[in-house]
């Protein structure tokens with residue numbers, strides 16, 4: 001029965017890939033107002049799959065078709081070698097470091113700060129630095145550190161190392177958090193009291209118990225790695241499956257490429273999920289299966305619970321002011337945390353200054369084409385101008401100030417990046433509550449398996465496939481207005497991730513509700529709303545804060561990846577002419593990386609990469625906020641943090657300065673017979 005269900009869920013995933021494959025052709029060939037034509041093209045494409053002659057690969061450079069599997073299979077194997085090598089290397093390093101850090105618990109704050117900084121570095125910058133390091137070493141020593149990939153000469157070491165860094169850091173941070181929360185449970189303290197060593201407890205008990213939650217987060221990390229591989233292959237000139245996908249953007253190529261990527265990961269995680277289901281199934285799941293509730297009775301329970309919650313929320317006797325006062329008191333620990341203050345100030349000041357500057361100057365970007373001496377005759381420089389004249393951070397190839405572009409684009413990059421991450425997490429929390437409280441075990445498993453197919457389709461590829469015909473101008477006009485383009489991009493980048501965050505948060509809620517104190521609270525009649533607000537939310541808040549930070553970082557990385565392929569947030573304007581280049585209409589930061597960053601590598605004018613510094617500062621500020629929220633929440637649930645001792649000892653009380661110290665002569669030894677019993 002499990003095998004049949006697996007085949008059925010795989011079939012649902014294939015249907016989703018079919019729907020994605022037709023969408024670019026539909027947008028480019030038919031007006032979006034005529035929605036029925038999409039289904040006509042979809043069914044026509046599905047019918048064409050029955051014809052073997054339609055399974056051909058055609059590129060833009062050649063009209064001749066080739067058997068698609070014979071073309072894509074070898075690049076697919078090449079890409080999977082890099083991907084699995086990076087995942088295996090990253091996860092092994094993360095496990096070893098987690099065990100090592102467990103023995104150096106006093107250095108945990110320093111280690112986590114280093115991890116936060118490393119996670120703030122985009123994969124694009126890592127790949128660029130590795131290439132620059134390889135060129136520098138080769139020029140100085142003649143040693144070729146990283147070989148460059150040729151058309152028939154594969155390269156593995158550099159892309160595997162680059163691709164493994166970010167998943168290893170993300171996996172290590174989640175692993176350390178889960179270990180900390182598991183270490184305060186009673187059974188761990190009992191095992192320590194029995195004299196069992198830390199390593200044995202960690203390997204035999206803690207790792208086994210955190211594995212279900214860890215496996216779900218592994219899917220999210222692997223999903224992000226798939227998106228990063230898309231850009232790593234492009235930067236290292238690797239002729240993998242993504243390269244062939246970009247050269248032939250036909251529905252059959254999109255379908256075959258995504259299907260090849262989806263299938264191996266689906267099989268691997270199906271086996272892992274079945275193993276975890278057999279080892280972690282608890283007694284409450286068995287009771288729920290025995291006591292099935294009909295759909296009509298379940299709907300009645302939902303209605304009664306919602307009415308009861310609304311009744312409890314009625315505000316009487318100045319309850320509104322009291323609720324505001326209690327809510328503000330709960331925020332005081334967060335407002336006092338220095339990490340949250342510094343990180344929040346970065347976003348508030350940067351976004352606020354960007355809005356004020358745009359309103360005051362109408363988003364003006366200063367431009368200087370030719371820079372002369374004061375005499376007006378001697379030519380000093382032509383675009384791109386180096387720092388610091390005429391602009392502090394230099395200019396692009398058209399003489400536009402890089403700093404002005406960063407300021408104008410900050411509101412689009414940071415504000416909408418935060419908005420997309422917030423929609424993903426808040427939406428996942430809302431639907432996760434429905435998932436955990438109102439879905440029975442059977443419905444939960446069906447929904448999980450349907451959502452699993454999204455974990456193994458790269459979001460960068462999906463975003464490129466869906467947004468390419470929307471964000472690029474056709475001639476001098478766009479097919480959609482600026483507001484429509486922004487809303488469509490927000491919608492696509494949110495909806496494709498919302499099911500994943502729903503299952504992730506829903507499983508966290510479900511794990512908390514399985515605790516004994518939650519079952520006791522249910523027994524005495526606590527409502528679901530009270531249970532969630534009083535007990536569940538404080539438990540899952542540290543994980544949600546990390547999830548929010550990861551989603552924000554992922555959104556910025558998606559912006560960078562799309563920017564490399566000239567898909568800028570808000571739209572890409574194609575300027576037709578000599579030595580022309582695509583231009584971002586909003587000056588958002590990924591557009592600056594796409595339009596400016598390539599020139600820095602070609603010409604050696606590395607001040608262009610200052611845009612990446614802005615990305616790093618934004619990611620690092622978010623890491624500070626996450627760390628502050630996690631510290632406050634973990635202190636509430638009992639995970640204590642070690643702080644540095646004060647450098648100066650407390651001064652002794654003056655009243656004890658002249659006190660005579662006791663010595664051995666001040667005591668008299670007594671025998672048992674001397675005691676008067």
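Placement of Cβ uses the backbone N, Cα and C atoms for every residue, glycine included.
Here TrEMBL flags 414-628 as domain 'ABC transmembrane type-1'.
Below 8 angstroms of C-beta separation, residues 37-38, 41-42, 45-46, 249-252, 254-255, 258-259, 262-263, 266, 449-450, 452-454, 456-457, 462, 465-466, 468-470 of the same chain, each at least six residues beyond the ends of the transmembrane segment (7-27), sit close to that stretch. According to TrEMBL, the feature transmembrane segment maps to 7-27 (among others).
The feature transmembrane segment is assigned by TrEMBL to 82-104 (among others).
If you look up TrEMBL, you'll see 124-143 (among others) marked as transmembrane segment.
Here TrEMBL flags 155-179 (among others) as transmembrane segment.
Taken from TrEMBL, the feature transmembrane segment covers 220-242 (among others). Within the chain carrying the transmembrane segment (220-242), a Cβ under 8 angstroms from the stretch's Cβ atoms is held by residues 72, 75-76, 78-79, 82-83, 86-87, 90, 123-124, 127-128, 131, 148-149, 151, 154-155, 158-159, 162-163, 166-167, 170-171, 174, 257, 260-261, 265, 454-461, 464, 500, 504, 550, 554, 557-558, 560-561, 564-565, all 6 or more beyond its ends.
The transmembrane segment annotation in TrEMBL covers 254-276 (among others). Only residues 6 or more beyond the boundaries of the transmembrane segment (254-276), in the same chain, are considered here, and those with a CB under 8 A from a CB of the stretch are 2, 6, 10, 13-14, 17-18, 20-21, 24, 45, 55, 68-69, 72-73, 76, 80, 211-212, 215, 219, 222, 226, 241-242, 244-245, 452-453, 455-458, 461, 465.
The transmembrane segment annotation in TrEMBL covers 338-360 (among others).
The transmembrane segment annotation in TrEMBL covers 414-438 (among others).
Per TrEMBL, transmembrane segment is recorded for 450-474 (among others).
Through the fold, the transmembrane segment (486-505) approaches residues 216-217, 219-220, 223, 416, 419-420, 423-425, 427-429, 431-432, 435, 447-448, 450-451, 454-455, 459, 462-463, 466-467, 470-471, 480, 540, 544, 547, 551, 555, 558, 569-570 of its own chain, all at least 6 residues removed from its boundaries and within a Cβ separation under 8 Å. Feature annotation from TrEMBL assigns transmembrane segment to 486-505 (among others).
Taken from TrEMBL, the feature transmembrane segment covers 548-569 (among others).
Annotated transmembrane segment per TrEMBL: 606-626 (among others), in sequence order.
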Closest-packing stretch to the transmembrane segment (450-474), where packing means Cβ pairs under 8 Å, from 82-104, 414-438, 548-569, 606-626:
548-569
State the residues, same chain only, that lie 6 or more residues beyond the ends of the transmembrane segment (338-360) and have a CB under 8 A from a CB inside it; answer 'none' if no residue qualifies.
407-411, 414-415, 418, 617-618, 621-625, 627-629, 631
